[in-house]
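Undergrad: Dropping a structure here in structure tokens format, bear with me for questions.
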Amino acid sequence: SLVQFNKMIKFETRKSGLPFYAAYGCYCGWGGQRPKDATDRCCFVHDCCYGKVAKCNTKWDIYSYSLKSGYITCGKGTWCKEQICECDRVAAECLRRSLSTYKNEYMFYPDSRCREPPEYTC
């Protein structure tokens, strides 16, 4: 669920998903066009991952996971819940690895500036 993903982001980056990632660059949030930096690419990959489990309720399905010893571990559940958890875990870890690229200028980045043709495909 979005609430759980936010907790994973905060665990990994020490930044809350809201406001730091909810509307960052061209992909964090609604997503579209070309990622602005490595942080935004994490969101692109997360969108692609969610696209692979489109039949699942990615925004609201509550899954099992734990945050221990610096690691996120996804628990057992339905196929959908396990896949959503993995998408969120991988994205949160990617955001941590990309902290050095985070630019405040991309917070609340206007969609109107995300018009370049896509550079990547899922």
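Heads up, the Cβ atoms here are built off N, Cα and C, so glycines get one too.
Given the structure is predicted, the values throughout are model-derived calculations rather than measurements.
Grabbed the feature section from Swiss-Prot, which reads as follows:
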- Cys26-Cys114: disulfide bond (DISULFID)
- Tyr27, Gly29, Gly31, Asp47: Ca(2+) binding site (BINDING)
- Cys28-Cys43: disulfide bond (DISULFID)
- Cys42-Cys94: disulfide bond (DISULFID)
- His46: active site (ACT_SITE)
- Cys48-Cys122: disulfide bond (DISULFID)
- Cys49-Cys87: disulfide bond (DISULFID)
- Cys56-Cys80: disulfide bond (DISULFID)
- Cys74-Cys85: disulfide bond (DISULFID)
- Asp88: active site (ACT_SITE)
Undergrad: Same-chain residues six or more away whose CB lies under 8 A from the CB of Cys49 (disulfide bond)?
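TA: Those within reach of Cys49 (disulfide bond), by Cβ under 8 Å and sequence separation of 6 or more, are Glu86, Cys87, Val90, Ala91.
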Undergrad: By a simple count, how many Cβ atoms lie within 10 Å of the Cβ of Cys94 (disulfide bond), its own Cβ left out?
TA: 18
Undergrad: Near Gly29 (Ca(2+) binding site), which of the disulfide-bonded residues Cys43, Cys48, Cys74, Cys114 can be found within 10 Å, Cα to Cα?
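TA: Those near Gly29 (Ca(2+) binding site) - Cα within 10 Å - are Cys43, in sequence order.
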Undergrad: Quiz question: given the disulfide-bonded residues Cys56, Cys85, Cys114, Cys122, which has the greatest number of C-beta atoms lying within 10 angstroms of its own C-beta?
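TA: Counting every other Cβ within 10 Å of each candidate, the maximum falls on Cys85.
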Undergrad: Count the Cβ atoms, other than its own, that fall within 10 Å of the Cβ of Cys26 (disulfide bond), considering every protein chain shown.
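TA: That number is 25.
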Undergrad: Provide the number of Cβ atoms within 10 Å of the Cβ of Asp47 (Ca(2+) binding site), excluding the reference atom itself.
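TA: Around the Cβ of Asp47 (Ca(2+) binding site), 20 other Cβ atoms lie within 10 Å.
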Undergrad: When you measure from the Cβ of Cys42 (disulfide bond), which residues in the chain that are at least 6 apart have a Cβ under 8 Å away?
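TA: Set apart from Cys42 (disulfide bond) by at least 6 residues yet with Cβ under 8 Å, we have Cys28, Ala91, Cys94, Leu95, Ser98.
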